[in-house]
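Copied over from TrEMBL, here are the features:
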type	residues	note
BINDING	GLU146, ILE147, THR148, ARG176, GLN190, ASP194, ARG334, TYR338, TYR339	L-histidine binding site
DOMAIN	75-397	domain 'Aminoacyl-transfer RNA synthetases class-II family profile'
REGION	47-80	region 'Disordered'
Amino acid sequence: MAAWSSSPSLRHLLLLRPRLPLGPTCLAGSFSRRHIHSHSRRRLFSSASSSTLTHGDEASTHVDAGGVVDVNPPRGTRDFPPEDMRLRTWLFDQFREVSRLMAFEEVDFPVLESEALFIRKAGEEITQQLYNFEDKGGRRVVLRPEITPSLARLVIKQGKSVSLPLKWFTIGQCWRYERMTRGRRREHYQWNMDIFGVPKVRAEAELLQAIVLLFQRLGITSSDVGIRVSSRKVLQAVLNMYSIPEHLFTEVCIIVDKLGKLTREEIEKELMSTGLSSEAVQGIIEVLSLKSLSKLEEVLGSGVEAVADLKKLFSFAEQYGYADWICFDASVVRGLAYYTGIVFEAFDREGKLRAICGGGRYDRLLSTFGSEDIPACGFGFGDAVIVELLKEKGLLPDMSRQIDDIVFPLDEELEGPASSIASSLRKKGRAVDLVEDKRLKWVFKHAERINASRLLLVGNSEWERGMVRVKILSTREEFEVKAGDLE
């Protein structure tokens, strides 16, 4: 080890100061920032005038009469400070890597869309949750509540310039004005994977593998999570058994999607209000209570398309190796009107959280926008519930900041050489924090906070010889290196 030639106090700090252990950063909760002082509201002074924004049953004063701005984000939304942003980036990287492994291409769309894209006269809950308004040009617009209609719009726009099948994915922000619960906010990011141009169940099998592959990469097992699978065609077959008119199908789907959220009596009452007979209502609920595909086949018969599709999908699941992840549950219908076939949703087996993700087949969506239909299926996977699940299972990764080097000039006249060293190392791919105008004690503490690997000190006596003193912070080893040889 080379002798240290600077001041004794500095040498003492370098040689004797112990390297404190770097504990992992605990990311309790979801992405939303923890409030250290929950009893006080953080405010920011502003010269802006007082204004009040009211939405629905809530009023939030953003600027009071004294010009003090509430710096908390609007209710149901989130800030992403650095530690939360690292977690979000990590999760999105997982989404992208699974999509790459499945040979999907990434696309994107504006978060602001035409309102007409999402207004469907089907009684869907989502149409009552829109952040919609008229822009300054008099156009009705909306912050998108989901991504699939935007995807369909792009497919129509691309037209025959693209060849089928299309395998596209996106990660985008969605907005819904809804009641907030654990894992549910008024904005969230969603990973969507969609396949256009594949009419067979193979497409659903591929999508389910993508979901399972993500869970496996995150450390989640089939004992933690399951995927309920059914088909809209099951309900259609039951309605046919009771000669229920076709125009009631979507309305009935939306009602039975509330199974598990409302009592059986409430579901029966809503179904009866559509004009269904008591016999038909009981028949629908009995079939949708089935959890066995063989029992469903007994009721509907083996020649029914819904049964054939599901049997094929479960056969694929065996071949892909994820049969232990999926289970048949006839009550799964999904709440959006455009689904036409296989539907599915992932759930935590302990039942503590809402659905982790969900999707299905929507072969007739494009025609609702005046275009020719293309067979399609896809899923949406939100960022909030999966983080809650990872926290619940103790699977959140260590999101500590990681920096390769800190460069610190010991004198003001050495700031130029320090800048040169930092620039050279960055060009070689190293993450470098250039620190000036601080005490050495602060620099050491800073190195611990950011998990720096090395501390590079630029001192007068060393620099006169073209050298830089390097300290390996994990081992406290130190030595001199020629500035041009730093790697």
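Cβ coordinates come from backbone N, Cα and C, glycine included.
Curation plays no part in TrEMBL annotations; they are all automatic predictions.
Feature map: TrEMBL annotations on the structure.
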| residue | record | contacts (Cβ under 8 Å, 6+ apart) |
| --- | --- | --- |
| GLU146 | L-histidine binding site | PHE118, ILE126, CYS174, GLN190, LEU336, GLY380 |
| THR148 | L-histidine binding site | ASN192, ASP194, LEU336, TYR338, TYR362, LEU365, GLY378, GLY380 |
| ARG334 | L-histidine binding site | ARG232, CYS253, ASP257, VAL343, GLU345, GLY358, GLY359, GLY360 |
| TYR339 | L-histidine binding site | ARG232, CYS253, VAL333, GLY360, ARG361, TYR362 |
PLDDT averaged over the residues of the domain 'Aminoacyl-transfer RNA synthetases class-II family profile' (75-397):
91
